[in-house]
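K.L.:
Sequence annotations record features per position, and here TrEMBL assigns FAD binding site to A:R201, A:227-228, A:241-245, A:258-265, A:N279. The domain 'Electron transfer flavoprotein alpha/beta-subunit N-terminal' feature in TrEMBL is assigned to A:3-181.
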Amino acid sequence: MTVLIVAEHDGAQLGVATLNAIAAAQKLGDVHVLVAGAGCLNVAEQVSKINGVAKVLHADAAHFAELLAEEIAPLVVSLAVPYSHLVAAASAFGKNIMPRVAALLDCSQVSDLTEIVDGKTFVRPIYAGNAFTTVQSDEPKLVLTIRASAFPAAVAGSLNAPIEAVAATPAQNLSRFVGRELTVSDRPELTQARVVVSGGRALGSAEQFNALLTPLADALGAAIGASRAAVDAEYAPNDAQVGQTGKIVAPELYFAIGISGAIQHVAGMQDSKIIVAINKDPDAQIFNVADFGMVGDLFEIVPELTEKLKSI
Amino acid sequence: MKALVAVKRVVDYNVKVRVKADGSGVDIGNVKMSMNPFDEIAVEEAVCLKEAGKISEIVAVSLGEKKCEDVLRTALAMGADRAIHVETDAELDSRAVSKILQKMVQNEQPQIIVLGKQAIDDDANQTAQRLAALLNAPQATFASKVELGADEVVVTREIDGGLETLALKLPAVISTDLRLNEPRFVKLPNLMAAKKKPLEKQTIEDLGVDISGSLKTVSVAEPKARQAGVKVANVSELIEKLAAAKAI
């Protein structure tokens, strides 16, 4: 069996979650990776060096520049014949494009899978991670999106896979790119960080959120996350939200600070290796999943913790 | 201009579901059900567009067992003009749902189709994208802002690094993110009035849609339980424990 992975990139760098998808897909067969874009040969070259990639398909055209679903899905479909599985990471990019591919091919999609049992059988979470379902299909072709945090990341090696240019499909012109506003940060990317420091509504204001969590995150080299309540109250940007409807993270160490631990938040972080909860309510649900819990006033605890970590 | 909104009846978001002992599924026998939260946002957005004079009629649709009528009545109480219920006891996945919705869109000819970005039971996040593909229409998923013009709709989307804005030709399919709006509270008089609004029944057979070929569920299991943790008394103890676990 041969698998086609649709690579996510920004024109210069490969999206990190694609590395996890590459590592996961090796369990299914030979891995080919499609790099579509405008002037993105450099990304195709990066991909060709990654261990486990047998071939890179490179499609270059102006209408692929912004990786719009309407343009990329027909391209993937045009290449689909030899492949048993069409795969992407379950990032905003993969979630947007792959169901469109699946519908055009009239095949099923397994979303956000966490385990590959075999080429027909997969495990995925449902009900905000409160249950895991094993699903199966005998279809000749399947579309898969992969939960990056459930698989290791592929790494660059010493071999170079061949890069093959593929023909661009015609422009669909159904949608037009207007603009993009990205959150600028020099912190590690949230879904890839070794340590994540997350804050909730109890931080009280955007000023206090930043004043308390930024120094702690600096001391730990951590990414900053947030609960939905903190995002809705505008303490943190939307793309910092951890949970069922935000990002799924599984760092080595996760700090939940002033977060009650609602089902929807826990869905996004329960696979973290070590969870630390700091909350003044001893009955907060977060303590049911925390390895180390501390009951008390976060406005005293967090600065003290930051100071002591700095002196280590 | 007409809008079509698809709503799903799901286990209420506050309910922690339990897996059945035989591993055949989750036990939803006696739990509270309500409209999928993302679909409430979809209805609210359509109603706001109508109040702004951008659209003239809102059709709410739902697929599933008889009790789906409840969520359609809620949509009508929020401001939808009429409802269509495709009544079936069949298990429908995103692939089947999108095919049924495709047929309904062909019948109703809406210019704008709004769905939730995912249902909080199956968490698939597929139906809107599939529907857009079947209609050969543009899609704007995970919308946090919608500006409807005469022949295009400008949508701001939530993406991993921030926000992205797209302009789509009409008819277009939009899926809603939590940030799009705050759904209104349904008042009792509106709920009473909603009972008088038209609710049409259709069947999959009437629509002539083939829904075969879904994924087979082999089993459903509880997630791996996390080991019970310990409470620490002070910051020094916390740091000692983290150091001992080699986490810092």
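For all residues, glycine too, the Cβ spot is worked out from N, Cα and C.
TrEMBL labels come from automatic prediction, so no person has curated them.
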K.L.:
Taking 10 A as the limit, how many CB atoms besides its own sit near the CB of A:A262 (FAD binding site)?
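P.N.:
Cβ-Cβ neighbours of A:A262 (FAD binding site) within 10 Å number 20.
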K.L.:
So which of the binding-site residues is most packed in, judged by how many other Cβ atoms lie within 10 Å of its Cβ, out of A:Q241, A:Q244?
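P.N.:
Per the Cβ count, the most surrounded site is A:Q241.
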K.L.:
Show which residues of the chain containing A:H265 (FAD binding site), separated from it by at least 6 in sequence, have their CB under 8 Å from its CB.
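P.N.:
When sequence neighbours closer than 6 are ignored, A:H265 (FAD binding site) has A:S227, A:R228, A:V242, A:G243, A:Q244, A:A256, A:I259 within Cβ distance under 8 Å.
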K.L.:
With a 10 Å radius around each C-beta, find which of these binding-site residues (A:R201, A:I259) has the fewest other C-beta atoms nearby.
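P.N.:
Counting other Cβ atoms within 10 Å of each of the binding-site residues A:R201, A:I259 gives the minimum at A:R201.
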K.L.:
Name, in order along the sequence, the binding-site residues among A:R201, A:Q244, A:I259, A:H265 with a Cβ closer than 8 Å to any chain B Cβ.
P.N.:
A:Q244
K.L.:
Restricting to the domain 'Electron transfer flavoprotein alpha/beta-subunit N-terminal' (A:3-181), report the mean pLDDT as a whole number.
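P.N.:
Summarising the domain 'Electron transfer flavoprotein alpha/beta-subunit N-terminal' (A:3-181) by its mean pLDDT gives 97.
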